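Report on one structure; see the data block that follows.
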Amino acid sequence: RATSKRQADQNRREIEAMTTIHHPNVLCLSHVELELKYPKSDGTFKDCILLVIELASGGELFDFMMYTGAFEETIAKIYTRHLLSALVTCHANQIYHRDLKPENLLLDEHYQLKIADFGYSAIQNQYDAANGALLHTECGTRSYMAPEILTHQPYNGTAADTWSAGVVIFIMITGNPPFQLATRSDWWFNAIATGNVDRFWRAHMRSAPNISPEARSFLELMLKPEASDRATLRQLLEHEWLNEMSDMSHDDLYNLMDDRKRKVDAAKNHEREKAKQAAAAARAQGQYDPFKDQHRVRRGAGQETEDTSLANLPPLKNTTKTVHTKLYIPDAFGEGAGDRVARTVDGLKKLFETLKFNSVTVAKNKVKGIASEDLGKVEVAVKLFCDADQLVAEVNRKGGDIFDFRKAFNKIRELVEGKEEETAEPEDDLAGEEGGEPIDMI
């Protein structure tokens, strides 16, 4: 049951979109109960909306990319076809997703891709769509947003979805995002916007040297800075990269992805076991348990506002999957009097201020803040506890994009542990351009 008008609008859009679209690569909504009394353990009932949705037992595409790395182009082509053909059907029904990202792309038991989470979708009537009416609401996840949205312009829903899909496909193939944000202050985006596409690819191919010329050509058509210059979905589906002969069968895809799934499950099980052990150690010592009341919620981190000023965006909330990452704190970290925890909290506060975090708050053993635009708008919380003889910082992503979180975490780690930034120096002809040197890619 919705607790606010905004949540009610999201529920309505999601139900309308998913009952309208019928496509093998869109998650199927098979049944809706708008008025349901859910029995609680105390004998009372809670008003709920029941959605019966297709099971996607393969999990999120994000997990495969996070734990097993970039896909071979043969696999990426298959999922690109799935994604684009589903978007063709969505757009033919005047439905624009507006929050495409790996977390919202699921896989079924046969590892077929399914678009999910239409809570931020826009649904136009046929008249508006036929007359080229533009959308105005800024929503989605910033690192996947088209440049026209980030510059607060009215935008075409098809072109915006095409851009976001291009970012997803880029990450699928290379393992890295094409840029941090599609703004002129970002070196990577600025290279494209100023026509220096060769420099853009030269820099990216240091970490992804095997990306084919055909794939680069395909991605360039999707990541055109001007919305009107982007290829249509039909044109993309006819591109030579997608239509090169491939001998990969459904069985081949299943076997390759099933092998990756085992690695994903093993990595996640390992993380859960480590979390349990750390929590048990903290409880045994009577220390704060950093894992208490931490939940994994599937809904993405899209932020939505009718106000075109980013300064008026609502605060990031705990609407994304919480990510736990440990840092072992050197004794010398932090300055000032008091015990190790208090001293380290003070040091972390100074560290957040050094990184220009906004809305920094401090409470006992926790420091929380929202990263600056340079790192991406991600909310980070650092909690401290003792593990055996070591002081440990639990760094949590409370809201925002996972790739932005990893950048923020790396900066925190560098300052806490005194590590030098592990970033390749740009080639001589890449440095000194407007917008600065390339950012640290993950």
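The backbone N, Cα and C atoms fix where each Cβ goes, glycine too.
Per TrEMBL, the feature active site, proton acceptor maps to ASP99. The annotation ATP binding site is assigned in TrEMBL to GLU54, LEU55, ALA56, GLU103, ASN104, ASP117. Residues or ranges marked as SUMO2 cross-link in TrEMBL: LYS101. Taken from TrEMBL, the feature domain 'Protein kinase' applies to 1-242. Residues or ranges marked as region 'Disordered' in TrEMBL: 265-316, 417-442.
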Structural state of GLU54 (ATP binding site), classified by DSSP into three states: coil
Spatial neighbours of the residue listed as 'active site, proton acceptor', counting only the binding-site residues GLU54, LEU55, ALA56 and Cα distances within 10 Å: none
Euclidean distance between Cα atoms of the residue listed as 'SUMO2 cross-link' and ASP117 (ATP binding site), Å: 10
Max CA-CA distance, Å, over listed ATP-binding residues GLU54, LEU55, ALA56, GLU103, ASN104, ASP117: 16
Pairwise Cα distance for LYS101 (SUMO2 cross-link)/ALA56 (ATP binding site) [Å, integer]: 16
